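Just below is one structure, and these are the notes that go with it.
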Ligand code: HEM
């Protein structure tokens, strides 16, 4: 008896502790947003959410209004879906809302990388230095060279016969952009001698192709990996792929490369100098590969597809490209030099810029998340206030809150290439709801402290690819009646959406 009581008490406290962790005791308190825990302890709604986050959020919004708290895999997440109140999220101080603990957990779960204390500060600093301004100029030139290398054969062979070539548009766009951008950031094979230059280029083509194949398999597992809902078989597959890709990106191999970008080099040096193990640095290299390559290729697919589906948009963009080419004194002709698309020329394309922004509005759908570091009051634009608990998360899903709000963007599901242009041709930034200006009218890059660090480079590379494709080739859908495919719904919340099927297109030289 003497031992039994303490044992029973210990068991009881374990049970209560367990139930507490499962969220069984959490109750809605006055002043808090509506609470929706779902029926499964701890997991809450995570399975439903990971199947189709957009549908889930829309349903909960209809039921609870534009602010509500749900339980997702052990986390209480409050969604803020009022487009006029997003400033309260974006501008809140880091003492209250922090992105870093969430990012730390995500990169550990997906890439096995354990973050250091100053990782995020360093990432922002090196990204500002290397992915903007002068750094971006250097990257753009390298990107141009790599794109020309990957496209050169096609341009060459297509020029021989002016017949149509056929391909899947998603794989075509994703493949070329991934490979050119990977080579630009992670470096090229180094030529051993003068005549080795062609060999090095060939090595770049082959190595980037092999990496793309592995990356695509990893990329397909990514949503389940991020939500932590992989089956044991998939978990094993993800681990194998991770090791394979890390091996290709390894520090050892990188040191044998030429022209590694400052972005990757600085990130690597910083960790090496801080005594991080090589295997851990390799995992970070994979995280950077995903951040830099997971969204851009799919976005270029959608842009090319929308242009093919909207002849008036295609005409306007092509006219702009022809004008920019002509003003630079270049023309595309059989046997002539390849196009030298400079950084300055890319600044002269407001129509292409608007078409790209419209594409991102329609097809990029991240969930932006912060960890709540202290109890706080969420102040809405219309005066409502909500108490948010320390330890919870605050999130927003701009795609449904803003991108497809018909008041902010009339006819929101249609592609309008000039939606982001004023009548005088300048960039349009004024959008309204209920007569009030909407500051965050499109958020494909996220916002605030965690806003995409590579957004200028991303826009520039997509524009480079589209510019070159349209300058060199005439392109059209194999089936002119082809419908725009639906999204792969498992990717809501991840960034650029993927189509749920491939779209065939054909191309032939314009010269
Ligand atoms: C169309 C292409 C791209 C899209 C739509 C996109 C979108 C995003 C989004 C939504 C975030 C998260 C923002 C948040 O949680 O608040 C993000 C973060 C990030 N992106 Fe991009 N991205 C793209 C391309 C790129 C490229 C090309 C690079 C690098 C070369 C890059 C580097 C990063 C990095 C490093 C972060 C983490 C920022 C941080 O932790 O502070 N992205 N991106």
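Keep in mind that glycine also has a Cβ here, set from the backbone N, Cα and C atoms.
In TrEMBL, annotation is done automatically, which means it is predicted and not curated.
Remember, predicted model here, so these are calculated numbers, not experimental data.
For 109, 295, 393, the entry in TrEMBL reads substrate binding site. The annotation heme binding site is assigned in TrEMBL to 452.
Among the binding-site residues 109, 393, 452, the residues whose Cβ lies under 6 Å from any atom of ligand 1 are, in sequence order, 452.
Annotation note: residue 109 (substrate binding site) sits in a helical segment as assigned by DSSP. Long-range Cβ contacts of residue 109 (substrate binding site) within its own chain (separation 6+, distance under 8 Å): 225, 226, 228. The 10 Å shell around the Cβ of residue 295 (substrate binding site) contains 24 further Cβ atoms across the protein chains shown. Cα-Cα distance from residue 452 (heme binding site) to residue 393 (substrate binding site): 20 Å (rounded to the nearest whole number).
Within the set 109, 295, 393 that the record links to substrate, no two Cα atoms are more than 24 Å apart, and one pair reaches that distance.
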